[in-house]
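Colleague: Please find one structure pasted underneath; my questions will follow.
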Amino acid sequence: MVCGGFACSKNALCALNVVYMLVGLLLIGVAAWAKGLGLVSSIHIIGGVIAVGVFLLLIAVAGLVGAVNHHQVLLFFYMIILGLVFIFQFGISCSCLAINLSKQAGIIN
């Protein structure tokens, strides 16, 4: 059975957002696990990973609610946020490629 129109897009968007929610929960869980076992000593790194996990989880929930309810404003907000995240990731990737390893180590420290 083939789905067409918005039904197929809705199902694909719901599945994608469920995967994003699982990734967000995984990030939060791994950060808590690493902190509990003492694998990572920097609270800033743990906090950053948890913040990214929570952000991803919230955005995925917004996308899932928008797709299920066919809420156009929420889907537009979701699209804008994902576009900004893409631009941010692209900028960080270009920055990482532009500097060498010694400068990267200096920035991290």
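In case you wondered, yes, glycine gets a Cβ from its N, Cα and C as well.
Dumping what Swiss-Prot says about this protein:
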TOPO_DOM  1-12  topological domain 'Cytoplasmic'
TRANSMEM  13-33  transmembrane segment
TOPO_DOM  34-44  topological domain 'Extracellular'
TRANSMEM  45-65  transmembrane segment
TOPO_DOM  66-72  topological domain 'Cytoplasmic'
TRANSMEM  73-93  transmembrane segment
TOPO_DOM  94-109  topological domain 'Extracellular'
CARBOHYD  ASN100  N-linked glycosylation site
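Situate these features within the shown structure.
Modeller: Per-residue pLDDT, averaged over the topological domain 'Cytoplasmic' (1-12), rounds to 74.
Beyond its flanks by at least six residues, the topological domain 'Cytoplasmic' (66-72) meets 6, 10, 13-14, 17, 78 of its own chain at Cβ-Cβ distances under 8 Å.
Non-local neighbours of the transmembrane segment (73-93) in the same chain are 59, 62-63, 65-67; each lies 6+ residues outside the stretch with a CB under 8 Å from one of its CB atoms.
DSSP gives ASN100 (N-linked glycosylation site) a coil state; it is part of no helix or strand.
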Colleague: Which residue counts does DSSP give the topological domain 'Cytoplasmic' (66-72) for helix, strand and coil?
Modeller: 5 helix, 0 strand, 2 coil
